[in-house]
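Peer 1: Got a structure for you, questions after.
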Amino acid sequence: MTKSLPRIAITAGEPAGIGADLCVLLAHQPLNAEVVIIADANMLQARAKALDVSIQIQEYSAKSHTAHLGNGSITVLHQAINQPAVAGQLDARNSQYVLETLKTAALGCVNQAFDAMVTAPVHKGIINDAGIAFSGHTEFLAELTNTPQVVMMLVGSGLRVALATTHLALKDVPAAITKSSLEATIRILHHDLVNKFGLKNPRILVAGLNPHAGEDGYLGREEIDIINPVLEKLRTEGMQLIGALPADTLFAKHHLSKADAVLAMYHDQGLPVLKHASFGEGVNVTLGLPIIRTSVDHGTALDLAGTGNIEIGSMLAAIELAITLAHNKLIS
Ligand SMILES: NC(=O)c1ccc[n+]([C@@H]2O[C@H](COP(=O)([O-])OP(=O)(O)OC[C@H]3O[C@@H](n4cnc5c(N)ncnc54)[C@H](O)[C@@H]3O)[C@@H](O)[C@H]2O)c1
Ligand SMILES: N[C@H](C(=O)O)[C@H](O)COP(=O)(O)O
């Protein structure tokens, strides 16, 4: 059979979390793609048994092309786990396995064996407990693909929220927002909104860092010294940048209705708003990478692993966006 559908690699994430459950449930969801799940096949079969879901596992072969029909069959690229997974119980001895699944997916995208990768959640803490410095897929994939800067953007309920800084302690945020890093972030965001999301001249709302965007310097100077000069420079190139706006009112309807995306200065300035609007159906997409990567908007939910009491909407939305971006890439 010749290839006609995008081939999407899905990493199952932390084996004690709900990533395995999501992969099992995908077996019964038809998708307009070939799907290759990168995980330990025995672990998936054990989780299917715990969930009382019937699945048939087909071994991945690069040469054969099989549409994901949702008939209970899943294609798995087996990667051996270190220790048997117990739902809800983290084990640092499996952290290296988790990272190997990410490497396999990402390098497969680089080599064009896969058209995109979609990641189920990993647990950042347990990977660090294993002695491996890890702050998130976003940073890991940037390093793996030698990409100097990437941008995290979450999409859901008609909102697009990108971040100027990602997984960083709050005390380190101000120093990380420099003129050059902010300019690079906006350039990546603008470029990918045009080239990957098909927006001709995207309008971007940019948040200030300080309360009330610094109140003319009385509540902080980052807007005056860094953010506004960068916006002014990029506006001279024709970019439609609105701000720096006070973050507390930036998400009001009258602002959002005039914009295609928001750039927040830090993780918990932007993501609570987006997750309030769309948790369980949102998608995390990494901009600026040489490969397509999307992800769920939620974490490992250790409390729910193996219970069957989970929502699959964010995983389906992440796969749909990966398929769309893969198609957009093919026709660009
Ligand atoms: N894409 C990722 O890899 C990703 C994303 C977010 C968080 N995380 C990581 O996950 C771990 C746990 O994070 P957390 O506890 O802050 O967030 P979480 O998303 O795992 O859980 C927050 C709440 O939402 C519930 N929940 C999450 N996903 C659900 C689903 N699909 N269906 C139903 N309920 C769901 C959980 O039970 C919990 O009550 C942390 O290590 C965090 O860094 C990873
Ligand atoms: N910041 C993300 C979120 O809150 O959904 C999450 O931690 C995942 O990030 P990575 O995709 O970098 O792992």
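Backbone N, Cα and C atoms are what each Cβ position is placed from, and that goes for glycine too.
Sharing the feature lines straight out of TrEMBL:
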BINDING   H137, T138, K275, N284, R293  substrate binding site
BINDING   H167, H212, H267  divalent metal cation binding site
Peer 1: For a quick check of understanding: given the listed substrate-binding residues H137, T138, K275, N284, R293, what is the maximum Cα-Cα distance in angstrom, as an integer?
Peer 2: 19
Peer 1: Whole-number answer please: how many Å between the C-alpha atoms of T138 (substrate binding site) and H167 (divalent metal cation binding site)?
Peer 2: 9
Peer 1: Around R293 (substrate binding site), which residues of its chain at least 6 apart sit with Cβ under 8 Å of its Cβ?
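Peer 2: Correct list: A106, C109, A116, M117, V118, T119, H137, L141, V285, T286, A322.
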Peer 1: Name, in the order they occur in the sequence, the residues of the same chain whose CB lies under 8 A from the CB of K275 (substrate binding site) and which sit 6 or more residues away.
Peer 2: L154, G156, G282, D297
Peer 1: For the C-alpha pair, I'd like the distance in angstrom between H167 (divalent metal cation binding site) and N284 (substrate binding site), rounded off.
Peer 2: 14
Peer 1: Under DSSP, is H167 (divalent metal cation binding site) part of a helix or a strand, or is it coil?
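Peer 2: Reduced to three states, the DSSP call for H167 (divalent metal cation binding site) is coil.
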Peer 1: Between N284 (substrate binding site) and H267 (divalent metal cation binding site), what C-alpha distance do you get in Å?
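Peer 2: Here the two Cα atoms lie 12 Å apart.
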Peer 1: Please report the number of other Cβ atoms within 10 Å of the Cβ of H137 (substrate binding site).
Peer 2: 24
Peer 1: Filter the candidate list H137, K275, R293 of binding-site residues, keeping only entries whose CB is under 6 Å from an atom of ligand 2.
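Peer 2: So the answer is H137.
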Peer 1: Which residues in the same chain, at least 6 apart in sequence, have a Cβ under 8 Å from the Cβ of H267 (divalent metal cation binding site)?
Peer 2: L163, T165, T166, H167, L168
Peer 1: Inside 10 Å of the Cβ of T138 (substrate binding site), count up the other Cβ atoms and send me the figure.
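Peer 2: I get 23 for this one.
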